[in-house]
There are 2 protein chains.
Amino acid sequence: MKRLLTTALLTSAMALPASASELRQMALDYFEPLPSTIPQMPDNRVTPEKIELGKALFFDPRLSASGVFSCYSCHNLTTGGDDNMSTSVGHGWQKGPRNSPTVFNAVLNIAQFWDGRAEDLKAQAKGPIQAGVEMANTPENVVATLNSMQQYRDWFANAFPEDADAVSFDNMARAIEAFEATLLTPAPFDAFLNGDDLALSDEQKEGLTLFVDKGCVSCHNGVNLGGNGYYPFGLIEKPGADILPPDDKGRYAVTDTAADQYVFRASPLRNVGVTAPYFHSGNVWDLKVAVQVMGTAQLGEEVSDEEADKIVAFLHSLTGTVPTITLPVLPAETATTPRPTAEVMPN
Amino acid sequence: MKRLLTTALLTSAMALPASASELRQMALDYFEPLPSTIPQMPDNRVTPEKIELGKALFFDPRLSASGVFSCYSCHNLTTGGDDNMSTSVGHGWQKGPRNSPTVFNAVLNIAQFWDGRAEDLKAQAKGPIQAGVEMANTPENVVATLNSMQQYRDWFANAFPEDADAVSFDNMARAIEAFEATLLTPAPFDAFLNGDDLALSDEQKEGLTLFVDKGCVSCHNGVNLGGNGYYPFGLIEKPGADILPPDDKGRYAVTDTAADQYVFRASPLRNVGVTAPYFHSGNVWDLKVAVQVMGTAQLGEEVSDEEADKIVAFLHSLTGTVPTITLPVLPAETATTPRPTAEVMPN
């Protein structure tokens, strides 16, 4: 009984939140709120014309060889910007190797994909379109598709007025990046950082304190609470093969450097409460379990149920407001539009 | 030369449009404009609450066993309300047997599916969700999925306040029907029927005249220019097996009546200009070819290139304005939500 009481007192002391303004001051040492305007790209100025074109492209299933998949298929804007699966299903019903990350706020990540192999969203956008297990298309076929529809030719010309040949795979990627840059989801945590003491509940404030005190913040910091650095998964203790499959060596495949074995980009945590399942393998569905796995794997610490509940409560304060998105009306195919094919090409 | 001239004169005489008001008067004998308000269902009153819920359900891929497909997948609201494929790709990469029809204005069809086997949209909605080659789900699993999310329980309770147990497969279908009832696309042809002489070009008016004179109107009449009756495909001359596959006997499978062999519901023609490919087999991509196939198969008449061009021009006046659709924000899965499975069950 005495021991129970001591534990309770200790836990309570540890989780005791500072005043809201002290907590905010501490939080601002590690985090920053979402910007109030669309981020600009130094090499791809975001314009209304690019955004409109990019939205059309994002929703267009004719960017895939089969006509089945669009960017939206795996980055579903109605369900947290991802697809609620361990790993995505693609062309020919093949399963992709890693969990689909959310597109929301992705523009603020330091690089894209779990291993950071794409330096930005326009580089990322070209990947799945060409991946045999995803959209299985080719740049040539995409450009032929887009060129076959006058409306797309007009949209590209308006979005890229300086280009004589505006319809290109690169410009497609630039436009998609511009649209994705608009997908910011301001959350209660931003309101707290911006000065609203009541935007977080007491439990969420305790969770935030724990998140910092326990060291989660070492990797999950910045505007996206992650997405800005690379760390070995299983730093202290490797999780099981269901969570960390031995065959996927992460960033090692990008850098070919031994030290990068099982290194991944720290997950950005915005909207983590609505984007299960978790980790690159996507085999953990419960956020509390994910928090506890992180405790043992990365911090060498058992996170108690009570602590994990509070951290999870805090993480839910990162669930943001999705911008209002109206569906584009896409142009119809013409006689010269390449026909969809469900055929699976041998590798 | 003389013969050429005669042909030219004859063609010109045949296609000479009446005055706009005479043409309208004739057209109103066969067609009617879209209603200006959402159609009401006698057995499923359309309410804002049902529409909101139905929209969420329409976009929710968790209605499929795999989590890959939603109603929106094959009835894509960005591309004419269908999926631009010969036949749809479904669970396990299986190909469906017939071309996906547009959901736009479908509420005004006499019955649903190519063979009319569903009496209305709420009966239709239950089909693909359970079809093994489409969404491959079960009513029990759907209800368990919806019940696992509080937001859905609230939406169902609001939409069906009279039901003690509001979350049901039937109510799901009712809500989807209510949303789909809002998907009307008023077109230039409606403006013409409503009194705007200039809503159709001269070529479109000639096409309309030909459409009536040649007898297309016998099957394609009413508010949807079809979708309201059943007719044998190949009445005069059976088209080739690529267009009319011998194994698909159409409405015969519904009625088990010999006279219904190769009988199908006449296609509703609204938005036909943006919903290639054509026919239940989906193997004709060119609307002009489709018109000429109909001429020989149904009317026993060669439709000339010039005539077909005019009829196609008229058909493009049926391409309507898509309503503004904002994406729903769907609730996140919980611990009790059934997990997606890409596994293909044996038949």
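From the backbone N, Cα and C atoms, a Cβ is placed for every residue, glycine too.
Remember, it's a predicted structure, so these values are computed and weren't measured experimentally.
For reference, TrEMBL has these:
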SIGNAL    A:1-20  signal peptide
DOMAIN    A:49-153  domain 'Cytochrome c'
BINDING   A:C71, A:C74, A:H75, A:H91  heme c 1 binding site
DOMAIN    A:202-319  domain 'Cytochrome c'
BINDING   A:C216, A:C219, A:H220, A:M294  heme c 2 binding site
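In sequence order, A:F211, A:G215, A:V217, A:S218, A:G226, A:A266, A:L269, A:Q298 are the same-chain residues whose CB sits within 8 A of the CB centroid of A:C216, A:C219, A:H220, A:M294, the residues recorded for heme c 2 being left out. In sequence order, A:F211, A:G226, A:A266, A:S267, A:L269 make up the list of same-chain residues 6 or more apart from A:H220 (heme c 2 binding site) whose Cβ falls under 8 Å from its Cβ.
For A:M294 (heme c 2 binding site), the same-chain residues that are 6 or more apart in sequence and have a Cβ closer than 8 Å to its Cβ are A:C216, A:V303.
Per DSSP, the domain 'Cytochrome c' (A:49-153) is made up of 47 helix, 8 strand, 50 coil. Maximum intra-site Cα distance, heme c 2 binding residues A:C216, A:C219, A:H220, A:M294: 11 Å. A Cα-Cα distance of 26 Å separates A:C74 (heme c 1 binding site) from A:C219 (heme c 2 binding site).
Secondary structure of the domain 'Cytochrome c' (A:202-319) per DSSP, as helix, strand and coil residue counts: 50 helix, 10 strand, 58 coil.
For A:C71 (heme c 1 binding site), the same-chain residues 6+ apart in sequence whose C-beta sits under 8 angstroms from its C-beta are A:L57, A:F58, A:F59, A:L63, A:V103, A:A125, A:P128, A:I176. Of the listed binding-site residues A:C74, A:C216, the Cβ environment within 10 Å is emptiest of other Cβ atoms at A:C74.
Within 10 Å of the C-beta of A:H91 (heme c 1 binding site) we count 24 further C-beta atoms, all protein chains included.
Between the C-alpha atoms of A:H91 (heme c 1 binding site) and A:C219 (heme c 2 binding site), the distance comes to 34 Å. The distance from the Cα of A:H75 (heme c 1 binding site) to the Cα of A:C219 (heme c 2 binding site) comes to 24 Å.
Note on A:H75 (heme c 1 binding site): other Cβ atoms within 10 Å of its Cβ, all shown chains, come to 23.
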